[in-house]
There are 2 protein chains.
Amino acid sequence: MTTIDIPEGSLFGLDNLPYGVFSTPGTQPRVGVRVGDSVVDLAVALGDDVFARPSLNAFMAQGYDRWVSVRARISELVRGEVPAEAVFPVSEVELHLPVEVADYVDFYASEHHASNLGRLFRPDAEPLMPNWKYLPVGYHGRSGTVVVSGTDIVRPCGQRKAPDEAAPSFGESRRLDIEAELGFIVGVPSALGSGVRTEDFARHVFGAVLVNDWSARDIQAWEYVPLGPNLGKSFATSISPWVVPLLALEAARVPTPEQSPEPLPYLRESSPWGLDIELSVLWNGQEVSRPPYREMYWSPAQMLAHMTVNGASSRTGDLYASGTISGPEKNQRGAFIELTWGGKEPIEVNGESRTFLLDGDEVAITATAPGSEGRIGFGEVRGRILPATEAKR
Amino acid sequence: MTTIDIPEGSLFGLDNLPYGVFSTPGTQPRVGVRVGDSVVDLAVALGDDVFARPSLNAFMAQGYDRWVSVRARISELVRGEVPAEAVFPVSEVELHLPVEVADYVDFYASEHHASNLGRLFRPDAEPLMPNWKYLPVGYHGRSGTVVVSGTDIVRPCGQRKAPDEAAPSFGESRRLDIEAELGFIVGVPSALGSGVRTEDFARHVFGAVLVNDWSARDIQAWEYVPLGPNLGKSFATSISPWVVPLLALEAARVPTPEQSPEPLPYLRESSPWGLDIELSVLWNGQEVSRPPYREMYWSPAQMLAHMTVNGASSRTGDLYASGTISGPEKNQRGAFIELTWGGKEPIEVNGESRTFLLDGDEVAITATAPGSEGRIGFGEVRGRILPATEAKR
């Protein structure tokens, strides 16, 4: 048996306890929980085979009461002694995609982001569409290309047409961008023909991850009318490996910004699910933005209620993301197209003037939130750009 | 042992042999092939456990050479004697969703449909967007709500706003519609960072099904800018239970309509994958339309090449649909919004003047194509509208 040391000021204290899927050389991926700088193998520590699987899905499907009781058991366990063979230094494990993603939906819930993108994509029109303040606008993305942090991102190719060009050309994206987002993972499904009320949010959603919704702006701008983004996004979406349970985010709950006009009844919340999460975007190691999640207009409870109000079912493993998190200040914008105003106002990164992503660039997004004791961390979602491989076709 | 009788003129002769997933009372769903009015249990008949599963996915993943050899073995088998315990009358089996759907993408590949919808949704603008003739426009739909033919469709609720209303209201859709489409199912995956060339289409795509992409036009019209359709579609998409192998569609191959401007190189085809498939739309038993698939502007090989040209991977079980199939004639339109011109020109159905779907309505879509001997059938995709259940919230 061994005890687990939690360094002073760790973002992974007993008030966090995020879940992930890990492996060590020569072993199969299985569920672990992060405590300080250690990963605890839950199948071994708790003697429960639901954790001996390569995703969190089976555990998440067991429901809210199990989430509460397992969290309590882990908390008790790691305060005392843990079987030594269940504990690994986080630096020695490989982290995998934590969930088998069912459907992936991406929202557009930051008023600042939606307004900025409206100005950039449709300069001659009102930046916000008439529906934006009535419903959380969103669309389905490609769940098959959701990858775990650390996966290299191959620069996508596709059709691009600048406004001054007569016809599109094919080639690599020249305006490759990020979107710093938060993602929510459904644990308990809801049936076809029913819906999830805002007050039932925490009984369906298991936890949250960081999301980088890589975006090829030139491909997106040409393709997106009238059916929305497709190839400009579908080449890759990265998520962080640690799923922070909603149970760890109670202290982070805050009201959303004032919603006016008042939302329709199915979107009203009896208690708030805004979240005071601070993100940080690092471009080749330099922080270029600090997006504040508390500025998001629509809450994740409202997003889930909206997504299912038409009777659409939800499944264990559904992932839905907030859309780019941008605050009102320039240094709070969660996408480079906003930070550099469409590439027209470069920013300085490590002494160089930069707009969109170059091959070899690396982006990491991190986040922290108030926990019940100190601050808790989401870890990071990181990716590096590799040169296009398919541009010759 | 028994022999299988194929009725004269059957649409399920030896040149069809579609695969499905069936069960009989008290037994587990498993893979069968349809021959005449019989279903042959392939796990029993061929002694191969890959067919003892509740979806076609494992078999489809085995690849093109296996698809060819299994089809040849089935053909040989059913010409001779089959174990009696492997044969069931189709009227006595229950048919299930034939595949575990991975990602679902819906295209918009009929020029007639896209032009009609453009006129109806954006009456003051050019009906076709500038990108339409350069790329197969498409978007991701909700794979979790793909259901098998025969599943009842609960009328969706959501936000709707007529152009003359100041604000949206919540309630049941008043403009519930169908879209008659063909769907293609990926068998062999392609890797992240690569793409599927048009000439490799038949080595990746296993077969085709009929699709009814139920659409709530009032919800769709309000929500779809700028990120595309979401709740107006995500409540349900029905597919037919029999997957017609591409191998059965060789005699149906025809050139697509002339494509001008010439597509970019990655979208060119060395041999055509237009398909001469005749659909029929039955509204409460009365045929109201005969959409011709041969009129589709973009071929399914072009759709797959486009969908992966940015490096997006594809998976076994991916489903992508053509979009509404509409021909140039009024009685060839594959959606009621087109057939009734936005509800302004009702059509007569069983002596009643009708526009959109009423509770209790049933829609069936069927299709046939030339086979190597006679005509082959797709069976049908059928669904009935149940009253909304969630309108009180």
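Even glycines carry a Cβ here, placed using N, Cα and C.
According to TrEMBL, A:Lys233, A:Thr237 bind Mg(2+); the candidate from A:Asp213, A:Asp218 that the record adds to this site is A:Asp213. Per TrEMBL, the candidate among A:Asp103, A:Asp106, A:Asp276 that belongs to the Ca(2+) site alongside A:Glu179, A:Glu181, A:Asp213 is A:Asp106. Taking only the Cα positions, the spacing between A:Glu181 (Ca(2+) binding site) and A:Arg122 (substrate binding site) is 23 angstrom. The residues of the domain 'Fumarylacetoacetase N-terminal' (A:16-98), classed with DSSP into helix (H, G, I), strand (E, B) and coil, number 34 helix, 22 strand, 27 coil. You'll find the Cα of A:Gln220 (substrate binding site) roughly 7 Å from the Cα of A:Lys233 (Mg(2+) binding site). Distance from the CA of A:His113 (active site, proton acceptor) to the CA of A:Arg122 (substrate binding site) is 14 Å. Checking each of the recorded positions (A:Tyr108, A:His113, A:Asp213, A:Thr324) against A:Lys233 (Mg(2+) binding site), the C-alpha distance stays within 10 Å for A:Asp213.
For the binding-site residues A:Gln220, A:Thr324, the ranking by surrounding Cβ atoms (within 10 Å, all protein chains) places A:Thr324 first.
Mean pLDDT of the predicted structure over the domain 'Fumarylacetoacetase N-terminal' (A:16-98): 98. Between the CA atoms of A:Glu179 (Ca(2+) binding site) and A:Tyr224 (substrate binding site) there is a gap of 17 Å.
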